[in-house]
């Protein structure tokens, strides 16, 4: 039986930290589903389709290199329900520090009550990515800062194009 993992997030935009977790997560499961959470109350910088494309473009070659399977999906609602819907028995989460740990351990407890068949696996962020967040990347890009240390080149191009569009329309 294949081990299926679900790596949830908004990936707006996908960062080098996300890619690090994807690379390491692919070594733990046979099939990793990168699941983009959709929240109707938020307006993302990148469209859902753009995020799918960037994840597939950046993570696809990593999966191929490792001989693993990767796919993308979207979900709204509870992560544990999305895991169940996709047949995942593992939810993969990256931890950047103590604040992430506190929040994520609460979520593990809640998820375990809702579905005891789904386990959560924490991967500590690598030292060179533990400070990266999508929120900070968007803020830096919006202030004309250099985001190249934090995101892959294709992501940088898409983010900068979108930020430029937004500035034109103001």
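Each Cβ is built from the backbone N, Cα and C atoms, and glycine gets one as well.
According to Swiss-Prot, the protein has these features:
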BINDING   10, 42, 79, 93  substrate binding site
BINDING   10, 11, 18, 94, 95, 96, 104, 129, 130, 131, 132, 133, 134, 135  ATP binding site
SITE      18  site 'Transition state stabilizer'
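This view paints the features noted in Swiss-Prot onto the structure.
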residue: 10; record: substrate binding site; DSSP (3 states): coil
residue: 18; record: ATP binding site; DSSP (3 states): helix
residue: 42; record: substrate binding site; DSSP (3 states): coil
residue: 79; record: substrate binding site; DSSP (3 states): helix
residue: 93; record: substrate binding site; DSSP (3 states): strand
residue: 104; record: ATP binding site; DSSP (3 states): helix
residue: 130; record: ATP binding site; DSSP (3 states): coil
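Closest in space to residue 132 (ATP binding site), of the binding-site residues given as 42, 79, 93, is 93, taking the CA atom of each residue. Residue 42 (substrate binding site): 9 other CB atoms within 10 A of its CB, across all protein chains. Neighbour list (residue 10 (substrate binding site), Cβ cut-off 8 Å, at least 6 residues apart, same chain): 36, 37, 39, 42, 44, 51, 134. Compared over the binding-site residues 130, 134, the count of CB atoms lying within 10 A of a residue's CB peaks at 134. In this structure the C-alpha atoms belonging to residue 95 (ATP binding site) and residue 79 (substrate binding site) are separated by 16 Å. Neighbours of residue 18 (ATP binding site), defined as other CB atoms within 10 A of its CB across all chains, total 25. Considering only the binding-site residues 18, 104, 130, the residue whose Cα is spatially closest to the Cα of residue 79 (substrate binding site) is 104.
Put simply, residue 130 (ATP binding site) is 13 Å from residue 93 (substrate binding site) when counted between their Cα atoms. Ranking the binding-site residues 95, 132 by how many Cβ atoms sit within 10 Å of each one's Cβ puts 132 at the top.
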